[in-house]
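Below you'll find the structure, written out as structure tokens, and then a few comments.
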């Protein structure tokens, strides 16, 4: 009877790679747990409570049920292994699914982060157009800056420009196409949707200031036509104006110090050491000087307050209309004529062997030479002079050139001829102020190779050049402007020494420059920088997904990654233990 109650059960590992089957001797009243114990004993391994026995359909059998109650018969094959391993023994799909979920989770985190970080959420670029209507050309410039300004002021850079030759003051109000076409051309750099909100500033300088002095009606007519036509460019016209010489000087000061990166340095008051540069500018019809002064330094000196990049600057600006290079030379020649019946005049500033011819109308009937004393000076000859050609014959005489140029700044002579504009001298510019001199100042000193030199070196170079005849001048340069540099150098010397009271000790404070950081020095950049203070910032561009969507998505993807990693960790751990315990 005892032997009849004995039975055999074959326990086969779930995976064939885990070793061979084990034949276990048992009885119908034994439990499933006892079968596991017998299996471990025969394999020579420690009992592991995680092991389970499965039927042919891989269903786990209750460990405390008897063999007979489960209907297990003698010689029946059963499976043994771990519950987690039972899955892996049967298929690799769960592992592949887990790895796929991990990859999707990681890619999801990276993708959603990149979509949020690289799209939207940025301040757009703003654009502005400044039209510089000078005495000899109109320069239209497109500027750009990021909408989120730095401490309230835009960090401006030039994008493009377009030149229209000829001074606008000389143009027919009904024939302004070259100027208008330039404005239309530069708009190609501006997104079509942004153009209606892009500000356009038309600012005329000395040429139009002179026209307003002599013919205000015509000046207003030109501005009215510009207003009509510029409003058809698709841009937002903000200003069509004739700016003052003082404002032009201030804008030049802003440009110079912006490029020198000195606008954010606070001004020291006591003791005052200038932290910004003064600006010296000489154009064709006017000249400007501008520099910063400490607050309330001298109540009698009128200054303009500027707030740029969080710093306040008090700027003194001084302008002399009719004393730009071209108009000064015109008045210089006007003063050389003592007898209007004589049409050949000796010119000590021109090189010997060179002649220059100009009509009486261009010499006498111009805003800077059209004096109220004109009829008395030339009496009966007045009506003929406008039709005559006057020829100026070069002498190469430095001393006579100097004395003739000096008359330009002589207040008594200016009043004698009743010119509308006389030179306004300065006697109290700061001795410790450094200056940047550009435009005609630079071109002249560069030609003479004295941009970095002492006053003595400048004077020596000036004298050496002014004694040269036309043949010697042409050996130095074939430029048509070369013949002007004796007058230029003498005039600059007179302005700086006797007009602004520079001395040998302060001449070294002047840096003659054409550009700074490879950017041209001119007033238009300063105009645009100052204008950005009043232009409101735009909102950031929208992102493709919101911050809430980003947060929710990241949480979901991170949960997927964590869950997958936990699964893979347990999978690896169970698999390793299974290999260790079953494969014997």
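Positions of Cβ are set from backbone N, Cα and C atoms, glycine also.
Feature annotation from TrEMBL assigns transmembrane segment to 93-116 (among others).
A 10 Å cutoff on Cβ-Cβ distances gives residue 248 (active site, proton acceptor) a total of 29 other Cβ atoms nearby, all chains included. Taken from TrEMBL, the feature active site, proton acceptor covers 248.
The ATP binding site feature in TrEMBL is assigned to 284, 285, 286, 287, 288. Under the three-state DSSP scheme, residue 284 (ATP binding site) falls in the coil class. Taking a C-beta cut-off of under 8 Å and a sequence gap of six or more, residue 284 (ATP binding site) has these contacts in its own chain: 134, 135, 136, 206, 207, 324, 325, 326, 327.
Taken from TrEMBL, the feature transmembrane segment covers 544-569 (among others).
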Compute the mean position of the Cβ atoms of 284, 285, 286, 287, 288, which form the recorded ATP site, and then list in sequence order the other residues of that chain whose Cβ is within 8 Å of it. 135, 205, 206, 245, 248, 281, 282, 283, 319, 320, 321, 323, 324, 325, 327
10 Å Cβ neighbour count around residue 287 (ATP binding site)? 32
Around the Cβ of residue 285 (ATP binding site), the count of other Cβ atoms that are within 10 Å: 29
